[in-house]
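A.B. asks: For reference, the structure I am asking about is given below.
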Amino acid sequence: RHTSVAEEVLQLALFNGQTSLENVLVLFESKLCGSDDYTFLLRELGNRGEHEKAIKCFQFAVRRERRKNEQGKLASAMISILGRLGKVELAMGIFETALREGYGNTVYAFSALISAYGRSGYYDEAIKVFDSMKNYGLKPNSVTYNAVIDACGKGGVEFKRVVEIFDEMLSGGVQPDRITFNSLLAVCSRGGLWEAAMNLFSEMVNRGIDRDIFTYNTLLDAVCKGGQMDLAFDIMEEMPANVLPNVVTYSTMIDGYAKAGRFNDALNLFNEMKFLGIGLDRVSYNTLLSIYAKLGRFEEALDICREMEGSGIRKDVVTYNALLGGYGKQGKYDEVRRLFDEMKAQRVSPNLLTYSTVIDVYSKGGLYEEAMDVFREFKRAGLKADVVLYSALIDALCKNGLVESAVSLLDEMTKEGIRPNVVTYNSIIDAFGRSTTSECLSDTGQISELQTKTSSLVIERGIEADATDGEDNRIIKIFGQLAAEKGGQAKKGCGVKQEILCILEVFQKMHELEIKPNVVTFSAILNACSRCDSFEDASMLLEELRLFDNQVYGVAHGLLMGYRENVWIQAQSLFDEVKSMDSSTASAFYNALTDMLWHFGQKRGAQLVVLEGKRRQVWENVWSNSCLDLHLMSSGAARAMVHAWLLNIRSIVFEGHELPKLLSILTGWGKHSKVVGDGALKRAVEALLTGMGAPFQLAKCNLGRFISNGPVVAAWLRESGTLKLLVLHDDRTHLENTRFQEISNLQTIPL
């Protein structure tokens, strides 16, 4: 509603300096049409980042305006503009002045300040301003509620608290609109609360509130973060004709598929984007590049880099982090070094994740001196170690058997005020279960003099080169210890029972800190069970852990004890949860559970679990009539699968059909293996086949492949004693339910 005079004043205000602005305003004062023209000037100056000129214009307008309500409109506009520019303190100053002079006591001024705080992440202050409105006799309106809900979303407030504000809004008779629901969906999106997001979306539909592209994109983000990719795809397919998917929609879906390990689905969507002519933005390019890097398809990743730069988007820190992580996982340390140097030469400043990634890559590759050099550079950059860096160091220590040092670093981390996460604890649990070795440096002279000198030199260099910060020197010493450990021998630890107690202690600490264990934790626990000396030790560990989580550990304990019929329905629920995980995590879970069962003689149970994994496509293309691919399986899972596959082809023989001329069992270590296998796997399968008298032998051209002639295998399968060899049984079976029902009644107790 502004006049053409206001546009003329705007051009003069932009052209002239701040000192001349007062003269321009005085010159046109009689022609400017009240608060509408002044509000236009404030908004346009703000849009151009000229906040100082906007404040000067506001002060001029308020002095000239005598009506309190018009002054209030100007104040609300000025607060809102400063909030958008991130000038929260200036916005607060305007608000306090307006309140003091009697024109700031309006719902709109309060709402504008709440929004300003929310935009800058000051959700506590936003809620305080919201609560203070009652003291001034003001009733919040939809704008106020939308602002405070949005502030809570940006500040990471718990969804429960946001729902309380929403309920207060409804009980006060204030009707929510599209902005309200979009803000609520954004809260769900940040926490991956996909079920709550779906309920909110249904509520929008029931209330007849229109959904826009932001609604759909935010809903998709929540559903993707919740790991429900099939549901997300259905939502995208059902978007109405007037709300077309845009680059954000596709980027969200592609990122969701990538995080779920469904890379082919992600790449298919990328091709669909190109077909529809939707241009990629920086986020899309970086997501796509990250996928190719994770897959080890570096030529295509570099093609994406070139295409990205050709479209005018330079590589940023996210791009480099994706490439560094991808090359690091493939063990291409020279490329990691080259890329790290290149990004600094291109004036792209490494961030905390960059340093954490490079240190983690070098540590896992055994390049401890290089990791130490990067840590020194990290210190010089003035950055402070976070949970990611600490977790990387703890993981490196654990993988080298230095569990006591890892626990010591964990204590130091918490003293520094850095909260460990589930990844940190998973490393330690896995280390306790991996072997019966504890601390690395032997005091019996088993490490060569050269290694000891190298270690001393490394530590001295680190301490001399760095400041006297105790935490930093401890990390430097750890790298020196790791460098000396290369080739050294570990000492025997304190025994399995002690390690079980350590695992329980770590688990209890997670419980106290309210850190929720995940499927990786479960897999690490199961691996620890598989390495127990006795069935009783493994049973005791799972029995104790049932006090923390009876559903998850109750299933494992029930299967181990032979109560399969009683727990199988509960197991199906657990398998459903695992289905939402990425393929490598799901595979690790099934491998760990099957290994434990096979190790303790529950071979029929192990076979049922592995067949469930096959049914749910945990391992792709694992089974055909002519070939069994065991590349990605553990030894227990592989042996259970061999029995199941041979029983299957036996049924083909007895149905009167011919077997293929050549039968193959792939284990890895072959010349043309698509995934590097485990030598132990090949040996385990070879021993199994030999023990059964199965007529398979190693292929001459591929040492990871067992082959046989179809008719020869068919003849063996027809022999009278073969079926007995193939059918698996459990060492322990319990048909009665009495004791199991007693166990099932155990309740989770507070510790």
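Even glycines carry a Cβ here, placed using N, Cα and C.
If you look up TrEMBL, you'll see 628-717 marked as domain 'Smr'. Under the heading repeat 'PPR', TrEMBL lists 106-140, 141-176, 177-211, 212-242, 246-280, 281-315, 316-350, 351-385, 386-420.
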A.B. asks: Give me the DSSP three-state residue breakdown of the repeat 'PPR' (351-385), ordered helix, strand, coil.
C.D. replies: 26 helix, 0 strand, 9 coil
A.B. asks: Run through the repeat 'PPR' (246-280) and tell me, per DSSP, how many residues are helix, strand and coil.
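C.D. replies: Helix/strand/coil tally for the repeat 'PPR' (246-280): 27 helix, 0 strand, 8 coil.
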A.B. asks: Which bits of the chain, at least 6 residues beyond where the repeat 'PPR' (212-242) starts or stops, bring a Cβ under 8 A of a Cβ in it?
C.D. replies: 178, 181-182, 185-186, 188-189, 191-198, 201, 204, 248-249, 252-253, 255-257, 259-260, 262, 265, 580-581
A.B. asks: By a Cβ-Cβ criterion of under 8 Å, what residues six or more beyond either terminus of the repeat 'PPR' (281-315) are in contact with it?
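C.D. replies: Sequence-distant neighbours of the repeat 'PPR' (281-315): 247-248, 250-251, 254-255, 258, 263, 266-267, 270, 273, 322-323, 325-327, 329-330, 332, 335, 343, 346, 348.
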